[in-house]
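Novice: Got a structure for you, written out below as structure tokens; questions coming shortly.
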Amino acid sequence: MQPLHHIISTREYSREMLDEILDMAEKLEPIARGEKTTKIMDGKLLALLFFEPSTRTRMSFETAMLRLGGQIINMGSVEASSIAKGESLADTIRVVSRYADAVVLRHPREGAALMASEFSSSPIINGGDGAGHHPTQTLLDLYTIRRESRLDHLNIALAGDLKYGRTVHSLCYALSRYGAQINLVSPRELELPKRIVDDLKARDIKVHIAHSMEDVIEEVDVLYMTRIQKERFPDPAEFNRVSNSMRITEELIEGCKPNLKIMHPLPRVNEISPAVDKTEHAAYFKQAFYGVPVRMAILCKVLGVDL
Amino acid sequence: MQPLHHIISTREYSREMLDEILDMAEKLEPIARGEKTTKIMDGKLLALLFFEPSTRTRMSFETAMLRLGGQIINMGSVEASSIAKGESLADTIRVVSRYADAVVLRHPREGAALMASEFSSSPIINGGDGAGHHPTQTLLDLYTIRRESRLDHLNIALAGDLKYGRTVHSLCYALSRYGAQINLVSPRELELPKRIVDDLKARDIKVHIAHSMEDVIEEVDVLYMTRIQKERFPDPAEFNRVSNSMRITEELIEGCKPNLKIMHPLPRVNEISPAVDKTEHAAYFKQAFYGVPVRMAILCKVLGVDL
Amino acid sequence: MQPLHHIISTREYSREMLDEILDMAEKLEPIARGEKTTKIMDGKLLALLFFEPSTRTRMSFETAMLRLGGQIINMGSVEASSIAKGESLADTIRVVSRYADAVVLRHPREGAALMASEFSSSPIINGGDGAGHHPTQTLLDLYTIRRESRLDHLNIALAGDLKYGRTVHSLCYALSRYGAQINLVSPRELELPKRIVDDLKARDIKVHIAHSMEDVIEEVDVLYMTRIQKERFPDPAEFNRVSNSMRITEELIEGCKPNLKIMHPLPRVNEISPAVDKTEHAAYFKQAFYGVPVRMAILCKVLGVDL
């Protein structure tokens, strides 16, 4: 196995590379579930540098590393660190990357992970860089689709904020490696940027643009929901109208395929009615869990640990 | 040994169940002291979700889990997590309980731990839910009494804020399993709620209500002190009068039994004079330490680990 | 090996004691780099009590303890702990020192570590106490000089804020054990206190007081730079003039010795031009890393663990 030096974006990953990571994640699932234990990361140290709040990404990386037998050091919040004294990100990276064997970086600034990789003595894993990339989210989304539905001949709807949501942008490119049909459901104000639609079409992906959930709900295998943020709308009334029309309720999914799986990167606010949680369609909590085996696979790749 | 699925409250625990946990804690004390090492929790992961500040409860759970050979993931402060984005407690629990083998939850809202247990994929341990319960505190209080004094035929004074203090409420019920004589010493404004007094009497517990420490200090084996909060009193002068009258000083304990043990759940502010710290009567720092073996026992019960 | 009970200050350490710690650090370097693994701290627990923000000191202690096979408990920020409820430092220490095998304390108040050692059940390691001491910084500074330059017949310049910088004060005393020539370069307002200059001279150290970097740059083996804080100057224009004159640039080091090593305790703001980072003279990031093997050595001394 060839180690990946840094994990900045999955944009250029081939289908073979994606499959290799998903295969590793599947092998690691029993360890992620605590059904098997291992020490393959014994003596390895992972540093967490989160310049923004996070629960799922941070805690699932911690879970992944600890269940593999490794250890964690955590910068903690920006307020608890020397960053408050005016240290540059480059200097922080230079120091912390000398302590640990790999560094997970979350930062509000687009491009921060790529920049960090230039100053780092150990591999950087991008844990989300603002409007930029969040490669481990994309990989866990793919993994969830493979585990709960299917990656080949997939018919998927991406719904919600398709304009600003980095999660759906990256997922589109990854799905394009598998030839999916992609339905884009959003308010007109929040459509997927035209350059991404063009990129998908150039890759022979069938793209269907819709503005109502009802238009697509009966056909799709997977419905990937994302949050619409109030701040995107100058008029609160307009936000309310739009967010209500994009909500997933029991009524909406009445005519859906029996195997429909609903996904969401979480946290949700009210995009999905709690009544949906108890149905077989709800895959969003499993999706959050799948972050653990997928991040385990990423850690193994980055640290050059064979399974 | 039968694992306990969740630890929400000790209210309904039988004497046998209490004794079993205290016996386990006693066996685990050498490990808690670092005199012996073990790996019985190897491969196990404990999640800490503290929605309120805590030093003792959180750090003693960490100590307990790590000294047993397990590992920890910690949500950190609410500000550092996705909670700030408006995620519900139910969703946070659903996600985090899939990462870890057990979850310690501290939350300001009464009933939060019980509610959480309905959404959790792994056992919930209540680390204090506002005015509700704090079962591991009750167990460590019982353990301290057993180790430093005696549980049978105990004569105990509970002093301070008996109205709002959840610690003393839970301790009363637990002590009632052992037939203690309970002296209640508080300002009139902060007496133990009548329904609890009635419950105790219905369990054949001798209850003595007093308003002055001097009335009881010569008779008791254990004096359990709690903090009186300034916010309870509309008039600061009244607070000062009351809190001075409830203070434990060297003079107060002059005529006490030679084996009197003084307890306090900490943090203390000025309920106990520092001059008392050096006497053989001070048991409050040992009490804080006993949180470690008791929480070890709880973790073993909850995770189904045999000693 | 005789364990050191507490590590409060290196002020009184003999050359033999300093050498012993530096020798241990050198042996531990492969473990610090992750090239070798060990479990010599298996079953040991280190508590971190940081009452002030810190990145390097805290994370390098964590790295040191974890790479030695030990474990960590961390109080977290003051806001996340019971300190907010008004607990005294003495009580916090009494409790936490019963959980762990050793305690690292950082506190803004001078003398806090010494005071804490009086109430602690386990060894206290001073992680910086305000204007007081920061012994592990002094030891890693010495270690860096030994590894990157030389301790015997050293010609060193200490530059920047020599009046308030506790780092340079402690380093002066430590260097005096090795007979260095010390050049002091600062603005007139921030000269080294006269009592320290007198102490150094009494120890037969050659002291040269200068006010310009150009005066010393060609002669020295090591240039130790520290940050000048804006708050020290009533007049911002005066601060700007001074801090510009004390800056290390590529031009400044043009005529320097080929083996000149530049050190800085970090974080730097703009005392050192980024252009200097790429030169062979820059030792400040290595210096930050050397905190790991040096703190490993300290932990071994304090916990009585033989190599």
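From the backbone N, Cα and C atoms, a Cβ is placed for every residue, glycine too.
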Novice: C:R56, C:T57, C:H134, C:Q137, C:L266, C:P267 bind carbamoyl phosphate in TrEMBL, but which of C:R33, C:R106, C:R109, C:R241 does that record place at the same site?
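Specialist: Only hit among C:R33, C:R106, C:R109, C:R241 in TrEMBL's carbamoyl phosphate site, alongside C:R56, C:T57, C:H134, C:Q137, C:L266, C:P267: C:R106.
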Novice: If you count Cβ atoms within 10 Å of the Cβ of C:R227 (L-aspartate binding site), leaving out that atom itself, what do you get?
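Specialist: Other Cβ atoms within 10 Å of C:R227 (L-aspartate binding site): 22.
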Novice: Under 8 Å Cβ-Cβ to chain A, which of the binding-site residues C:R56, C:T57, C:L266, C:P267?
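Specialist: It is C:R56, C:L266, C:P267, listed by sequence.
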Novice: At 10 angstroms around each C-beta, which of the binding-site residues C:R56, C:R106, C:H134, C:R166 has the fewest other C-beta atoms nearby?
Specialist: C:R166
Novice: Of the residues named as carbamoyl phosphate binders, C:R56, C:T57, C:R106, C:H134, C:Q137, C:L266, C:P267, how far apart in Å are the Cα atoms of the most distant pair?
Specialist: 17
Novice: Helix, strand or coil: which one is C:R106 (carbamoyl phosphate binding site) in, per DSSP?
Specialist: strand
Novice: Can you break down the domain 'Aspartate/ornithine carbamoyltransferase carbamoyl-P binding' (C:6-146) into helix, strand and coil residue counts using DSSP?
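Specialist: DSSP composition of the domain 'Aspartate/ornithine carbamoyltransferase carbamoyl-P binding' (C:6-146): 68 helix, 23 strand, 50 coil.
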Novice: Grab the pLDDT values for the domain 'Aspartate/ornithine carbamoyltransferase Asp/Orn-binding' (C:154-300) and give me their mean, rounded.
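Specialist: Here the predicted model's pLDDT, averaged over the domain 'Aspartate/ornithine carbamoyltransferase Asp/Orn-binding' (C:154-300), is 95.
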Novice: For C:Q137 (carbamoyl phosphate binding site) and C:R166 (L-aspartate binding site), what Cα-Cα distance in Å is obtained after rounding to a whole number?
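Specialist: Rounded to the nearest whole number, the Cα-Cα distance is 10 Å.
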Novice: Provide, as an integer number of angstrom, the distance between the C-alpha atoms of C:L266 (carbamoyl phosphate binding site) and C:R227 (L-aspartate binding site).
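Specialist: Distance between the two Cα atoms comes out at 8 Å.
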